[in-house]
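Copied over from TrEMBL, here are the features:
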TRANSMEM  B:12-33  transmembrane segment
TRANSMEM  B:39-60  transmembrane segment
TRANSMEM  B:92-114  transmembrane segment
TRANSMEM  B:120-138  transmembrane segment
TRANSMEM  B:172-192  transmembrane segment
TRANSMEM  B:224-246  transmembrane segment
TRANSMEM  B:258-283  transmembrane segment
TRANSMEM  B:289-310  transmembrane segment
Amino acid sequence: MFDLLPHLLNGLTLGLLFALIALGFMLIVGLMEQINLAHGSLFALGAYVAMQLTGPRPPLPADLAKAWLALPLGWRYAATLVIAPVIVSLVGMLIELCMRRTYGKDPLYGLLLTFGAAMVIEELIRLVWGTRDYVLQVPSAINGGFLFGDLIWSTYRFYAAGIAAGIIGLLWLLIEKTSFGATVKAGAHDSEIVRALGINLSRLRLLVFVFGTMLAAVAGIIVAPIWGIRPHMGVDAVIPAFLVIVLGGVGSFWGAVVAGLLVGLCVGLAGAYASEWSLLSMYILLVAVVTFRARGLWGKKSVLEA
Amino acid sequence: MIVGSNSSSDAARLVTPTMLVLWLVLATVPLWITRIGLYPYLGIEILIWSLYALAFNLVLGRAGLPSFGHGAYFGIGAYSFGLCQLDIVANLWICLAAAAVVAGLAGVLVAMFISHRRGIYYAFMTIAFGQIFWTLAIKSHRITGGEDGLLKIKRLPADFGLVSFDLTDNVAFYYFVLAVFAVGVAALWRLVHSPYGRVVAAIRQSEVRAAHLGYNVWLYKASVFALSAAVSGFAGGLFAMAQLAAFPDVMSLHQSGYVVMMTLVGGGLVSFWGPVIGVFLFLTARDVIGALTNAWMLYFGLLFIAIVLFRPEGIAGALSAAMQRHSLNALRRRGTSAMRLLVGGGR
């Protein structure tokens with residue numbers, strides 16, 4: 001039993017990361033009933049922008065760059081965690097402005113539009129940064145490892161899992177406990193009435209999309225030191241994100257979180273015993289659940305299944 | 001709405017005038033394709049992918065089922081062809097049949113799991129199965145050769161008993177693929193316009209309505225998926241012959257996405273010929289733009305975005321709209337001259 005514990009813990013931290021990756025995707029699916037396949041590319045873009053900002057050659061005028069590099073890495077990292085998502089959210093804004101034309105049509109069109117956007121962003125990443133791998137520098141406080149019970153644990157994994165749990169909690173508060181969340185949910189439920197109440201729904205949707213983009217970028221920055229930064233990381237992220245949402249069920253917040261944890265445990269345990277097949281395990285988990293449950297674990301009725 | 005078949009009588013035909021013209025034009029391709037700087041192999045690729053995209057469009061365009069993991073069946077067909085040739089019997093017809101049957105069986109298996117699901121859940125189940133097959137292809141080194149692919153596949157001679165054609169040359173193989181393509185197109189055309197095809201189209205409009213009319217929706221959804229998988233696998237077998245190998249990357253999510261893009265860009269949702277137009281555009285653009293710049297996917301992605309935003313019915317839809325407008329204008333002109341005659345006569 002004690003042999004299993006590290007794998008379980010590893011799986012849980014991985015699960016929190018999967019949930020974090022899925023959050024932005026979930027926000028847009030749940031509140032706007034749109035599938036954002038560009039989520040993965042925005043995730044990758046977040047990591048690239050952060051790498052550029054914390055790296056030795058920030059894209060700033062010479063004087064500013066000097067001042068910026070004089071700051072300790074910890075400060076730069078913390079600032080980047082805020083700045084990079086804001087920069088990436090501009091791209092998200094552009095996508096939403098295009099996506100507007102597809103609202104009210106078959107959700108397939110939104111999905112295809114974002115698939116095209118994902119292709120374009122990935123190609124642009126290749127153009128700007130090339131195909132080589134990059135490393136995101138992190139402050140030494142969260143780097144390295146520590147000993148616990150005869151085993152070496154990676155500090156960063158726990159930091160990342162902690163951040164993921166924190167963001168999940170904050171997002172839940174935002175959606176469930178604020179008037180902003182209530183308005184947005186009402187907008188997804190009955191857009192006509194919400195408009196009649198004098199609320200600018202298109203601005204609200206733009207805001208939701210931008211917020212989802214920022215979550216994608218933050219997830220990219222947090223996950224980058226574990227997965228590495230390369231052009232393909234977007235595809236590696238969007239598939240698990242999509243999977244977590246479908247497994248948890250569209251429109252269910254805790255469904256997505258539980259699904260993320262399940263996927264993490266599944267991949268973690270499979271990785272311990274048959275590492276070749278670890279990624280296969282999450283697809284088998286999905287097939288096993290969706291074969292018997294029409295809307296994943298706790299999904300609600302939505303236009304996405306028409 | 002269907003480009004090239006404006007008269008409804010075409011639907012009842014086995015071979016339509018459009019098909020005849022298309023086949024004749026395609027038959028002349030090897031005569032001039034090298035003169036414009038391209039090569040016969042591109043023609044082979046376009047024909048094979050067209051067959052694949054037409055088969056895919058049975059599911060996406062005809063039945064309205066979002067299948068995003070279709071590359072799996074194309075790839076399974078390619079591997080089956082290769083394995084049949086290397087391990088069982090090196091006969092062209094048996095190997096091609098094996099490609100279609102094995103891919104069809106995989107389609108049946110998947111269809112049993114997914115046919116009672118709809119929308120996003122259906123879509124992701126197809127992705128999940130696509131990824132499962134893809135992972136199996138990559139990881140089963142001993143059977144499929146892993147990421148290196150299954151090599152040493154030969155172009156078997158087309159043996160008709162009395163005569164036998166050698167297909168190793170690209171031009172000879174092109175004509176063989178063209179003949180197969182012609183038969184495949186005629187068969188798919190019949191299928192789409194048969195009573196069976198009409199029911200499938202009705203299910204696309206409304207599953208609930210079709211079910212209330214007494215059709216077994218599950219069975220139709222499952223069978224059209226399996227049929228599409230079988231034809232895709234058949235095309236995959238041809239592709240293995242063309243490439244002289246079978247590789248796992250046609251099964252990846254990216255490649256499955258490309259066939260969706262080709263089908264939609266061409267206008268598969270409104271036209272039978274949409275997928276063919278899309279494949280032609282995609283592969284030609286890949287070679288022509290790809291020769292100029294490495295980032296050709298960037299430009300194709302932008303074009304794709306523009307089409308989704310402004311012409312969601314694709315190129316075939318734009319063409320038929322233009323044609324309709326043209327004929328409407330012609331009608332209007334004729335109408336005014338007739339009016340003038342009438343008015344003139346009255347005076």
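Each residue, glycine too, has its Cβ placed from N, Cα and C.
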Chain residues outside the transmembrane segment (B:92-114) and at least six past its termini with a C-beta under 8 angstroms from it: 72-74, 76-78, 80-81, 84-85, 122, 125-126, 129, 133, 156-159, 221-223, 225-234, 236-238, 240
CB contact flag for the transmembrane segment (B:172-192) and the transmembrane segment (B:12-33), at least three pairs under 8 A: yes
Contact between the transmembrane segment (B:39-60) and the transmembrane segment (B:258-283) (at least 3 Cβ pairs under 8 Å, separation 6+): yes
Close approaches to the transmembrane segment (B:12-33) from elsewhere in its chain (Cβ under 8 angstroms; 6 or more beyond its ends): 4-5, 39-40, 42-43, 47, 171, 174-175, 178, 181-182, 185-186, 189-190, 193, 273
